[in-house]
Amino acid sequence: MNKSSSASTVPPHSTPHTAHSTSSSSLPPLSSTHHTNTSSTSNNNNNSNNNHNHNHHHTTAATTTTSTTGTGTTAATTSTSTSSTIPINTAGIHTSNSNLATATNTPSSSPQVSTSVERRFWMNDRGSRRSSTSLTQQPLTMNRSSNKLHAAVSARDLTRLKQRLSQPRKAKIELAEYDSMDQTPLCAALRNGSHDIVREILFFYQSNKMDINDQDKSGYTPLHVAASHCDDQILMLLLNYEGINVNITNEDKNSALHYFCQKFRSPNCQEPFSIFLKKGVNVNAQNKNGETPLHKSIFNNTVRLLMVNMLLDAGAEVNVLNSRGESPLHFAVRLGREDLVSVLVKAGADITIKGNEKKTCYELSLTIGNQRVINFLKNVQDIFNWLKSIDLEQYWLNFVKEEIFMDLLLDIDERTLDSLGITYSGHRLKIIRNCRILRDQQLLSTANSNVTTGSGSSGSTTTTTTTTTTTSGCGGLNVPENKKVTQLSIESLKSNPPNSMDSTGSISSDDLKESLTNLEHWVIDHSELEYTLKLGSGSSGKVYKGLYKGKEVAVKVLKSITTQSQLEEFKKEFQIMGSIRSQFMVTFYGACIEPKLCMVMEYCSRDSLYHVMNTKKYDIGWDRFFQFTMQMTLGVQCLHNWTPQIVHRDFKSLNLLVNEDWECKVSDFGLSRFNTADNLETLSKIRGTFAYCSPEVAVGNGSLYTTKSDIYSIGIVFWELVTRVINGEYSRPYSEYSHIKMDFQIMLNSKEGLRPTLPQNTPPGLEALYKQCVNQEQTLRPSCEEIIETLNRLRHEYMSSKTTWDSLIRKLPSLSPPPQPTTTTTTTTSSSTSTNNINNNINNNNNT
């Protein structure tokens, strides 16, 4: 669809945009109103209008005939006060229009306009540019060399600081003085990131009733500085300070939240943000350019998607317009981020809004050229136009939120309408009827195409279908069978032995920094990472979904390392993951040291094997059982055959991750150890989850954790999978024993020989393999090679007797609705029975 056709089909808004050109486009008015630029009226105590000699002098945004100089003096300006278009580069920085082609590889016809919106670091003449959220950088001429508090802060000398603070009269005077960077001692400490020093100064402020909300000449408070420069721990010291005012704005009308949303870098942004909310922050405050915190969050290069989602959850208005008539959606389109565009549209962003460039977001996306953004916005407009054609456009957002676009209308059924929240029977019938019309039209079109190309025959209709190989282990998911590991043998492993380290078997005892220096090619610059979604948390830290060099990754952010033992844990996991390369292990991309310790790994979209087994919609059969058990055993074998040998020590279904292609991979090596003389002490400690812990380790008498301890854990995961396949639902190990209620009871009973009980109709070969793996005597447990050999033999047995094996599976009641009677001469089959299945089968659904 071209631009002109797009514009011509969009209906007018019910509410016109004040001071902005209105659209004649076809998307509906939304419940949220379009806000024009109305600067926030939040508290701004004692905000001085005196010029402040910083690099962020306030300049009026105006069309210029002569460029603005670095001192903030404009050679010539018109009397009109407007801000310029805000194109976006790949770093998320507002740029001038002259650089739009550089940022987006597309030409720009808009005139270059001087503005105060986010331009620093884009041009080489950085001193002549300043951001509406840029803090003080250039020094003043005054020098407070006699200020002992400033000297202590600069030297990060906590002892000298305490000594000076012990003299309240002098300290109060010095705390109010500015240094050569025109900052108070508190602001200097905030910029330096000195947690203990900040805490001491704040305690002095509180004890002496000093004003924590005191503003400098440009209106900045300590909270502005902290929100822009500090990590989560220091920022929360300010936010938790009694009497802190989170809504004070500076001369550019930016609140601390504007800075926080644009500049905060830590993935732990939820905690400080929640304190902002508790303090009554205005999430819709607009600065002088009309930008809200939601606008600003688009420019956060590290946690932008996390920020956007938090703001939307907190009630941020998605259709607030800045002085250029642009909403946050325009910013996301310029950035070329389909994920951001999707989140904003699903939150109700109106794609028909036209900014000063007279373009809707879809038209703007065509000039930017990002195909994924273009496709998404076109899908949104197409589904709306179709719903409008049947007078049901009020449901367009229901469809968009579930990503039910035109290509999936053919598969809509009653259950899909339930998931869309469409309850009115007349509307449901109308949608189903019109979807059937679309289906018949497609069949007719296909038939005519076949006749034209000679693929059809007279009097008959031939529909071309795409056949996808599926496994019985996935039911209706239509997941392509993984052919890499369905028939692996010991011989193939011998021909491709695992790699080995070049070391002599000893592990370096150097500190973390030296370890990373030795593996410096694994060190990742934190600026190359972006966090997009929190996936979970555990005892060792939090895990986020993110982006690294444009690739989806998982980022494991470790908790602060305060002890030597924690340092050793990180070093071991880093060394192990940096040493091993195997298709059966989660790929390791590298680690970051600052500002947070984190490890960057392959992202496995289906979560852990534990979560896969707990998801009832997944029909896990014997094919999937053999695939998973083979892959996990090959992963453990890779560890056991390494030089020096590695034992996992925490093998369980939660530490087996499943990617989009249904490949099961071993992960989480935080407890893993190289099996060397240096690690004898740690190998004798009880580690791992109790149900998966072998009895010799559970006894706690100092027995070494060996490779056979890992084999025991493999046996317990085998039990989980066998039980899930046969019973059709997940059960926890030992859950059949009513007398076992506590974890320690599992350990006591396992050392007495008690084991989880397999279903009665378990195939004898699988039962024998399970019992070998969990044998009380570790020397009688099989090796990984023996397990693989047995699995290959049992899989061959299954392939030869599929009917017999499948008859052992207990059939659960069908979740599908009963078949509807056929009312037409043409029978149409839909392979999707739910919205989730529709989304999973975009490329696999065929109608015959």
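Yeah, the Cβs are placed from backbone N, Cα and C, and that goes for glycine too.
Not measured: the values here are computed from a predicted model.
Per Swiss-Prot, the feature compositional bias 'Low complexity' maps to 1-52 (among others).
According to Swiss-Prot, the feature compositional bias 'Low complexity' maps to 60-85 (among others).
Annotated compositional bias 'Low complexity' per Swiss-Prot: 95-116 (among others), in sequence order.
Shown for the repeat 'ANK 1' (181-212): DSSP residue counts in helix, strand and coil, namely 21 helix, 0 strand, 11 coil. The annotation repeat 'ANK 1' is assigned in Swiss-Prot to 181-212.
Here the repeat 'ANK 2' (218-248) has a mean pLDDT of 94 out of 100. What Swiss-Prot records for 218-248 is repeat 'ANK 2'.
Counted with DSSP, the domain 'SAM' (378-441) comes out as 50 helix, 0 strand, 14 coil. What Swiss-Prot records for 378-441 is domain 'SAM', and it gives sequence analysis as the kind of evidence.
The annotation compositional bias 'Low complexity' is assigned in Swiss-Prot to 452-472 (among others).
Residues or ranges marked as domain 'Protein kinase' by Swiss-Prot on the basis of sequence analysis: 529-799.
A 10 Å cutoff on Cβ-Cβ distances gives Ser537 (ATP binding site) a total of 12 other Cβ atoms nearby, all chains included. Annotated ATP binding site per Swiss-Prot: Leu535, Gly536, Ser537, Gly538, Ser539, Ser540, Gly541, Lys542, Val543, Lys556, in sequence order.
As annotated by Swiss-Prot, active site, proton acceptor applies to Asp650, with the evidence given as sequence analysis. Mapped onto three states, the DSSP output places Asp650 (active site, proton acceptor) in coil.
Per Swiss-Prot, the feature compositional bias 'Low complexity' maps to 822-848 (among others).
Residues of the repeat 'ANK 2' (218-248) grouped by DSSP class, helix first, strand second and coil last, total 16 helix, 0 strand, 15 coil. Annotated pair Asp650 (active site, proton acceptor) and Leu535 (ATP binding site), C-alpha to C-alpha distance, rounded: 20 Å. Around Asp650 (active site, proton acceptor), a 10 Å sphere centred on its CB holds 19 further CB atoms from the protein chains shown. For the binding-site residues listed here (Leu535, Val543), the lowest count of other CB atoms within 10 A around the CB belongs to Leu535.
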